[in-house]
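Trainee: Pulled from Swiss-Prot, these are the listed features:
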DOMAIN    6-77  domain 'KRAB'
ZN_FING   170-192  zinc finger
ZN_FING   198-220  zinc finger
ZN_FING   226-248  zinc finger
ZN_FING   254-276  zinc finger
ZN_FING   282-304  zinc finger
ZN_FING   310-332  zinc finger
ZN_FING   338-360  zinc finger
ZN_FING   366-388  zinc finger
ZN_FING   394-416  zinc finger
ZN_FING   422-444  zinc finger
ZN_FING   450-472  zinc finger
Amino acid sequence: MAEGSVMFSDVSIDFSQEEWDCLDPVQRDLYRDVMLENYSNLVSMGLYTPKPQVISLLEQGKEPWMVGRELTRGLCSDLESMCETKLLSLKKEVYEIELCQREIMGLTKHGLEYSSFGDVLEYRSRLAKQLGYPNGHFSQEIFTPEYMPTFIQQTFLTLQQIMNNEDRPFECKKCGKAFSQNSQFIQHQRIHIGEKSYECKECGKFFSCGSHVTRHLKIHTGEKPFECKECGKAFSCSSYLSQHQRIHTGKKPYECKECGKAFSYCSNLIDHQRIHTGEKPYACKVCGKAFTKSSQLFQHVRIHTGEKPYECKECGKAFTQSSKLVQHQRIHTGEKPYECKECGKAFSSGSALTNHQRIHTGEKPYDCKECGKAFTQSSQLRQHQRIHAGEKPFECLECGKAFTQNSQLFQHQRIHTDEKPYECNECGKAFNKCSNLTRHLRIHTGEKPYNCKECGKAFSSGSDLIRHQGIHTNE
């Protein structure tokens, strides 16, 4: 086959808007990388071709789906005219998502000179498999063998076998997925064994795919060429911009068949479905705790490593999660966006509001199996259980005294440092505990919330009431 007879359309795949919407960010990035590389290869080898619309769209970061997609035609004008009325649409159901770009057909000068019709169609089929066209069929319009020149009929029949899953000798024993080439099979196995052979030279982080390294490098360069016209936010990948734009449009194309809940991102739907299945595929190698999301595991591992990458610029305190830093910063700003509709009290975090609302509802969902005592918060239950276990993991390095709670140790350490951060606005007296300041303030307010049920006498502190009750019991 002559070089001049090879066109960009022979080594490309077009998508309708519906098909494009079904691809996730990794698939879209892969498609973009492969298409741009193929066009670059054709140009660099002197094969003149006007810039296709899809390439212009990809370079601008726009969605490249094609309206009124044309049927794919043959590789040479003679074959095209001979077979114009004899098209056969072979519906090919492709396998689930392939995250990594595999060794597709090499677009070298030699390869283009000697590639057959079947070679190019095989390349197109393999690209479709990589993109993992989900839960359906990808239409591949090709010519029937009887109308093809004799020299390519055998190649076409071989291709037809591949496209009908009849020639996939390399099967994965882990998940049953089959591949037509050993190189694809080897690349796929990295998913199961967790092999990451592609290293970022900037930070040393490893990835399982070369395309992932390319995307990761933009973190170091700060490159964000794809900007949202609605709000001006910029992104490193066109697929991230496409996902972001759903915030403005409100589009949620991914719906859970179990409960009907819809999501903007396919990955969010996958995470959500694990609520129904109970699946927790991400386990911590240190303690064995399992999670439904890889991001949850990533955050959890920092407990073991002690890594706290999110630092407050106001006070220098560091956190394992960015969300915790955001909550902490509200201490400095005084922001309390979560308000209780019952009493109007406001909180800096949604979880604090949820815990507070249980005061009104009386809900105590966390029960101690040892004594039956119930608590409004899981953290309170964990602290309580240490009483039964005799566990006191928080030890003072100054005197060796141990405590069941970290907050108790923190308060105790003020005895050694003589720190008294809680000051009375009335008289200026300072205290090392907030509870001590609260009791002291009752001297100024005259408040006595602790009443004796025997005689009605009231006291400003619970300890005073207990001492008083000894009079009635003769203790």
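Easy rule for this one: first residue shown is 1, then count along the chain.
Glycine is treated like the rest: Cβ placed from N, Cα and C.
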Trainee: For the zinc finger (366-388), what are the same-chain contacts with Cβ under 8 Å, counting residues 6+ beyond its ends?
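Mentor: Same-chain contacts beyond the ends: 355, 358-359, 404-405.
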Trainee: Can you say which of 198-220, 282-304, 310-332, 422-444 has the most Cβ pairs under 8 Å with the zinc finger (338-360)?
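Mentor: Most Cβ pairs under 8 Å with the zinc finger (338-360) come from 310-332.
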Trainee: Any contact between the zinc finger (226-248) and the zinc finger (282-304), i.e. 3 or more CB pairs below 8 Å with pairs at least 6 residues apart?
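Mentor: Not in contact, no.
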Trainee: DSSP-wise, what's the residue breakdown of the zinc finger (254-276) into helix, strand and coil?
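Mentor: Each residue of the zinc finger (254-276) counted once, the result is 11 helix, 4 strand, 8 coil.
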Trainee: Report, as numbers and ranges, every residue of the chain located at least six residues beyond the zinc finger (422-444) whose Cβ falls under 8 Å of a Cβ in that stretch; write 'none' if there are none.
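Mentor: Residues packing against the zinc finger (422-444) from afar: 411, 414-415, 460-461.
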Trainee: Tally of helix, strand and coil residues over the zinc finger (198-220) according to DSSP?
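Mentor: Counting residues by DSSP class gives 11 helix, 4 strand, 8 coil.
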Trainee: Please spell out the DSSP helix, strand and coil residue counts for the zinc finger (422-444).
Mentor: 11 helix, 4 strand, 8 coil
Trainee: May I have the DSSP-based helix, strand and coil counts for the residues of the zinc finger (282-304)?
Mentor: 11 helix, 4 strand, 8 coil
